[in-house]
Amino acid sequence: MTVMIHEIRRGCKAMLVWSASVGGMILLCLMMFPEMKKELGSLMNLFSAMGGFAAAFGMDKLNLGNVMGFYGIYAGAMLGIGSIFYGASLGIGMLSKEEKDHTAEFLLSHPISRNRVFLEKFLAAVLLLLMMNLIILAFALVSFFVIGETPDWKRFWLFHGAQGMMQLEVLALCFGISAFLRRGSLSIGIGIASLLYFLGLVGNITEKAEAVKYITPYTYADASRIISEGQVDLKLAGLGLLYGTALLIAGYLYYQKKDIY
């Protein structure tokens, strides 16, 4: 587990920065709830006039006067955007560090196989992602306590569980893709995350783009659907994790014969 521990130590600072940023934004958003609840009437009129924009962010399905509806729209957006971008950047860069820093020869000169390097690096990425989610969860729970509100626990945990599955899918996709790249590219990871997010917005705006729900993980992790319906579409979640697993396996097989020196 030497490689895994090393990668966790190396990535811990960035993970803490991302966690504090996303968690802090969630805290700030929820602290606005008591005041915005008083202005509910004018806010609803404003959102009803937004049309497709409101639908894109699920504002047409959730009640802003309810703390879970407010959480889904504002805090859900912060978590959905921040976490998927972190997962993408983490996945796309984890394998390429040795090639980029010219330390691959030193690493593989030790009694350690490529198989072990690949698996331990992926496990390190998963654990960093898990730690980020635990920290963000702590921020969210503190936020509810600060404003004196109690969330709908079933919908709260379903939403965060779906977000975790989405992050894991994106991490696996980008990790698998990175095996085919010479030195990795943060722009590719961010591009993948941006594309998936954009497709999710398009799917919310129009029913004509229903096919995108089979492509983007934002469909099954969408706060507006989970909080309004009280359930996660496990078929879409399973399909997404299947995509991630397939690309992860392809990357694993390619990495065994890849010239990384």
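The backbone N, Cα and C atoms fix where each Cβ goes, and this holds for glycine too.
Nobody curates TrEMBL annotations by hand; they come from automatic prediction.
Sequence-remote contacts of a segment are chain residues at least 6 beyond its ends whose Cβ falls under 8 Å from one of its Cβ atoms, and for the transmembrane segment (15-33) they are 67, 70-71, 74-75, 78-79, 82-83, 86, 128, 131-132, 135-136, 138-140, 142-144, 146-147, 149. TrEMBL lists 15-33 (among others) with the feature transmembrane segment.
The annotation transmembrane segment is assigned in TrEMBL to 40-59 (among others).
Among the features that TrEMBL reports, transmembrane segment is placed at 71-92 (among others).
Summarising the annotation, TrEMBL assigns transmembrane segment to 122-147 (among others).
Annotation comment: TrEMBL describes 159-181 (among others) as transmembrane segment. Under 8 Å from some Cβ of the transmembrane segment (159-181) lie the Cβ atoms of residues 72, 76, 79-80, 83-84, 86-96, 118, 121-122, 125-126, 129-130, 133, 137, 140, 188-189, 192-193, 196, 217-218, 220-221, 223, 226-227, 232, 237, 240-241, 243-252, 254-255, 258, all in the same chain and six or more residues away from its ends.
Taken from TrEMBL, the feature transmembrane segment covers 188-206 (among others).
Per TrEMBL, the feature transmembrane segment maps to 236-255 (among others). Here the transmembrane segment (236-255) has Cβ contacts under 8 Å with residues 95, 114, 118, 122, 162, 165-166, 168-173, 175-180, 213-214, 217, 219-221 of the same chain, all six or more residues outside its ends.
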